[in-house]
Structure formats: structure tokens, C-alpha cells
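Per TrEMBL, the features are:
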- 12-32: transmembrane segment (TRANSMEM)
- 80-101: transmembrane segment (TRANSMEM)
- 113-137: transmembrane segment (TRANSMEM)
- 211-234: transmembrane segment (TRANSMEM)
- 263-281: transmembrane segment (TRANSMEM)
- 301-321: transmembrane segment (TRANSMEM)
- 328-347: transmembrane segment (TRANSMEM)
- 353-374: transmembrane segment (TRANSMEM)
- 395-418: transmembrane segment (TRANSMEM)
- 438-462: transmembrane segment (TRANSMEM)
Amino acid sequence: ESRERLSVCSKLCYAVGGAPYQITGCALGFFLQIYLLDVAQVDAFYASIILFVGRVWDAITDPMVGFFISKTSWTRFGRLMPWILFSTPFAIISYFLIWFVPDISRGRVMWYLVFYCAFQTLVTCFHVPYSALTMFISREQSERDSATAYRMTVEVLGTVLGTAIQGQIVGKVDTPCIESPFFFGMTNSSVAMEELNMTHDTESLTDTRNAYMIAAGVIGGLYILCALILLLGVREKRESSELQSDEPVSFFQGLKLVMNHRAYIKLIAGFLFTSLAFMLLEGNFALFCTYTLGFRNDFQNILLAIMLSATLTIPFWHWFLTRFGKKTAVYVGISSAIPFLIVVVVLDSNLVVTYIVAVAAGISVAAAFLLPWSMLPDVIDDFKLQHPSSRGHEAIFFSFYVFFTKFTAGVSLGISTLSLDFAGYQTRGCSQPDQVHFTLKMLVSAVPVGLILLSLLLFKLYPIDEEKRRKNKKALQDLR
């Protein structure tokens, strides 16, 4: 056990590697929808296609990358580290081009679709091997749990950085809205709208677009820095079982074994609906604050309050799960968001109440961040005990968990953007129709609450409690 202990420096370097995925993911999750609609001026229908196809493609690439990783030979740098090294520069280039508005009108949808899918592929080549690295930094459950807590703290801090950098840089630029044509006379409304569009496009949108590119450049620099710290500060350890001469089970045989592992399926099912709930909240919260609550100039600070609250409460949830167990942490942590999601739409628009709700929601977001990655290694340990001769499937476990959550998130975000289009969303409008307000309330409150309640019911079926986890740990030590 003493040989498997990790230094604080190693845990910190490992944790820093999780920041790029969260920084870029948070910036895209909170701001891409409103960027496509109000800055790039993509029609809501095509924006829904970009978000849907990009997320679904992102989901598909996870098992693909997991497959290729399982076929990768061990090198002197490890089996996972080369993937992280070679994907980083190309990911940064494609990320920057997502936030660039090309001087074309017809091909603009294809531009964003291509570079959004390219970035999702490249960041998957970074994150899947990084996630699987959890199993190769130590064989001790306590050390992996501790490293995971470090990682989740840094990852939530990464979401704070993503929200702060994107929100504060973009928020400094005032993007004037366009009044609805219903406020103009019927005879001159089209002329007035045309004049407004011309003046706003030439003056305000140029500054806003430049702000988005500056934010992309800053985030790209952080991506490189974090990748270098991970590569230089973490040593990938070869699992002792891999040193044996046995032939590893093929990918598809391993996939069949993994998908027949009941504990894994039940864990995925529970967190699938949890992640869906928070993904819907993330994707639509900026629009909800801007239009329904009327906080056009404050929404980036409200988002920042959510992420800061989540960052500060990660250590608390790590203590809570070690003290009371991971299943108890799931019930308490995830359900704590429900009353606040209801309050934010029931009460009248109030900035102070909104900040209070944001801080409370951040506490639940921290639990949703930490618990899946803390519980997945327990499932893998349980799988190893049931299939001691089958090895090398860590990437399958992590990549397919991410696959299911991303795929359903892509479907939900595409449907939510499409529903805004059907409700009559007006690009860059100062106000929106009542149908849009109702749709946004459903997307950030009623639907997430229903999904959270469903996930809590599914977690009742999850079989690995604290007693089972301790028995597995003892059995693995005896096996080794």
C-alpha cells in the first residue's frame, strides 16, 4: 500500500489534466447556443442541427477512441499519454475556429458543424485516455478516490475559469438587442428592422465577435499549459496483470462482457438522467437569464456564482461520501437541486433570489461532477473480481459511460433548441414571445426536476454499497 501512495504533487498534476475538457466544455455548453443564435446569426433550426449533430458525433467518437486505445501498444511514454500529447495542438486550432465568424453566408452552418465535430473528436482523444488514466496511477482505491477528489476540484475550477473567461470577456462588450417588429408600425416595420440590422451588424457585432475570439485564444493557452503539466508531472504505471503473457480479450468480447455487467449498466442508467438534467440547465440557462428573468447584463455573473459554489463544495462532498457512503451522497447531493430549480421559475424575477438559487444549485452540481467518476472505479474493481482473466477494458468502461451521457445530451440539446424555434424565438430580440418564456421555464426547471427524480429511483437498484465496496477491496488485495 505504501508503494501505491501518491504524492500531493502527483495528484495535483493529474488533477490539472482534467481542466482543459471542462474549461472548453463549459464555455461551449453555456455560450455556444446563444453565440450561434445572436452573434453568428444562425437560424434556430440550423443551430439545433449543429448542436445535435456535434453532440451525437462527440458521443460516437468516445467508444471509437476507446477501441483504438485498447489496441494501442505500450510505449516508453505509456499507452495513454501519447494520445494526449498528439491531440492537443489540433484541438486548440479547431476550438479557436468554432468562435470565428467566417465572411460567408451560405456555408456558415457547415463551417460550424465541421469544426465543432472536429474539436469534439480531438478533445475526446484527450479526455478518454485521461479518464482511463485513473486506473493506472495507483491500484489503491483510497488513493484513486483521493486523486479523483483532487481532479473534480480542479475540473469544477476549470468550469469556473471557462465561465469567467468567456463570460467576463464577452460581457464587457455591449451587444444591443433589436426591438421586435411588432413595436413598429405595420407600414414601416420592415424598413426599420433593416436599418437596425445594418447599424448593429457593422458596429456592435464586430466587437462582440472579436471578444469571443479573444476568449478562445486565452482558453487555448490554458489548454496547452494544463496538458504540459499533466504530461510532465504524472507517471503512467503499467498494471501488473498486463505484464503477464496471457493474450488479452478482444475489444468486442470485452465490450460484451462490460455491457453484461449489471452494476455498470445500473450506474450508467442513474447518471444518464442526472447528466441530462444538468445539461439542459447548462444549455438553456444563459437564454433563461437573458430573456425570461431579464438579466441580460448579469447572466455571466450568475453562471460564475454557480461554478464558484460548485468548486468550493467539492471537498465537502468528498468528505461526505467517505463518511456516509457514495449512494447516500448521491441521494442527498443530487436531490438538493430540486427545490431551488422550482423556486427560480415560481417566484417573480429577483436578482438577489436568483443569486441565492445559483449558489444552492452549485452545491448540487458539485455532487453531480464528483460522484460518477468516484463510483466508476468501484464498478471496474467489481468487474475484475468477476472476470479475473479479462483485462485492459478500463477505456471501454469510461468511454461508453461518456458515450451514453453525451449522446442523450446531444438529443436533448437539439430538441430544446428546436423547441425554441417552434416557440418563435427571435434572433437578437430585446424580448421574446410568451411561448419562448414558457419553453425556457420548462427546459430549466420542470424537465430537469423530472429527470433527477427518475435518476434517484434508478440508483435504488445500484448494488455496490459501502460494505460491498470494502469486500471487493479486500478480495482484490488477496488476488494480487
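Placed from the backbone N, Cα and C atoms, the Cβ positions cover glycine too.
Remember, TrEMBL labels are computer predictions, not curated facts.
Sequence-distant contacts of the transmembrane segment (211-234) (same chain, at least 6 residues past either end, Cβ-Cβ under 8 Å): 9-10, 12-14, 16-17, 19-20, 23-24, 27, 35, 39, 81, 84-85, 88-89, 91-92, 95-96, 98-100, 126, 130, 133, 137, 161-162, 165-166, 169-170, 172-173.
Counting Cβ pairs under 8 Å to the transmembrane segment (395-418), the stretch among 80-101, 113-137, 263-281, 353-374 with the most such contacts is 263-281. Between the transmembrane segment (301-321) and the transmembrane segment (263-281) there are fewer than 3 Cβ pairs closer than 8 Å, counting only pairs 6 or more residues apart in sequence, which means the two stretches are not in contact. Proximity of the transmembrane segment (353-374) to the transmembrane segment (328-347) is established through 3 or more Cβ-Cβ distances under 8 Å for residue pairs spaced 6 or more apart. Contact check: the transmembrane segment (113-137) against the transmembrane segment (263-281) gives fewer than three Cβ pairs closer than 8 Å, residues 6 or more apart, which falls short of the contact criterion. Counting residues 6+ beyond its ends, the transmembrane segment (12-32) has Cβ neighbours under 8 Å at 6, 51, 84, 95, 98, 116, 119, 123, 126-127, 130, 133, 137, 147, 150-159, 161-163, 165-167, 170, 215, 219, 222-223, 226-227, 229-230, 232-234, 279, 282-283, 285-286, 303, 307 in the same chain. Cβ atoms under 8 Å from those of the transmembrane segment (438-462) belong to residues 263, 266-267, 269-274, 276-278, 280-281, 283-285, 287-288, 291-292, 327, 330-331, 334-335, 337-338, 341-342, 344-345, 416, 419-420, 423 of the same chain, restricted to positions at least 6 beyond its ends.
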